[in-house]
Amino acid sequence: MKTTILLLVVLTIVQLSKAKDNLQFVFVTAKGQDHQACNYPQGPKITNIEEPDSELTEDGKKEAYEFGQKLSSEYKSRLGVTKWDSAQNYWAIAAIEKRTKKATLITAGVIAKRQSVTSKTWSDEELQKTSFPALNDFFRFINPQHCPKYIKSILSKQNDINTILGKCEAALKTVKEHYPAVNKPQHTWLVYETFKRMKQQKASNLEWLTDDIMKQLQACSAEITWFAATNSDEWRKISGGLLLTDIFTDLDQITQGKPQPYAPGGANNKMSLFTVPQVLVISHLAVITPPGTKIGSKDVTAQNIYPEDGAYVNLELFKGDKEDWKVKIVYVKGKGEPQQTIALPGCPEKCPYNKFKQILQQYAISDDDHKKACGFPA
């Protein structure tokens, strides 16, 4: 009898060891690589270049191409792709021209074109292939004219804001001596990102901008942006809920064996790549990291989640032998940083899709409800 039981246990273990989750689809959300230092919307004037006119630097072009190569190396064989084809098995999209150029360069890296493409002048037709104007709705929440209720709600938390900015008070005092227009809470974050690029690009007259000042600005930037995106469930929903709804729509279709909406490859699509600004990476993270989420083995904090240049979030969708679907969230917070797994509360690293959706559903929102929550003008 004992022998029979032992044999059954061994057979069960063998069967479990044979069970395998097969990667079916990857949803990539990537922050931009290096571009010309510029002034960001809702920010003070620091340079002579506005954000929509800021071009990728040569380093940025190279980094975008290399990121495409990294994606291909990571996923081509795992997804069972023989040859990448934008009409069949991957979809690269962006919201504005600078990012369509980056998406095109990443695409070139994915399909292993020569690196000389980084100096190529792309045609309007080539750039249009990566354009997806509907992405602009995801930016609604940061526009004071389009989402006044959200902005007003944030500004009503003045005590919390003052506490955060008090941690970089000395740095801000020095910054204001050189740029008096830095006088709003969001300016701390926006000037940090501008100064970072100016230092990388060796701009002149920045001797006063010490490493200590940059460290203080970075810490405040991380806290103020994470606070604005996650201070309440409602804020999470407004900042990232539209994107989450879009992701659910795509994953629902894929798990039902149906075509991914709008993807050129339809049901054959294996990877979607969104190239987005930092603010959308933050809002995306806000709706996939509810309280209790772990990044690696640690609790999520403003500092360990803040996306620097080269950051990306991958949602990996797996299918098991029993037609069961699971999602794994992989995050890299910047160039040279290691991959980390984001684990939802009560879930293993590969979270059953139904549970994944159940946990995060509270943050999903329709376009009409988002407009109402924003106070979007009729």
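Glycine is treated like the rest: Cβ placed from N, Cα and C.
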Cys347: disulphide-linked cysteine among Cys351, Cys374 [source: Swiss-Prot]: Cys351
Per Swiss-Prot, the disulfide partner of Cys168, chosen from Cys147, Cys220: Cys220
Closest of Cys168, Cys220, Cys347, Cys351 to Cys374 (disulfide bond), Cα positions, disulfide-bonded residues only: Cys220
Cα proximity to Cys147 (disulfide bond), best match among disulfide-bonded residues Cys168, Cys220, Cys347, Cys351: Cys220
Cβ-based isolation winner (fewest other Cβ atoms within 10 Å) among the disulfide-bonded residues Cys220, Cys347, Cys351: Cys347
Candidate with sparsest Cβ neighbourhood (10 Å radius) among Cys147, Cys168, Cys374, the listed disulfide-bonded residues: Cys374
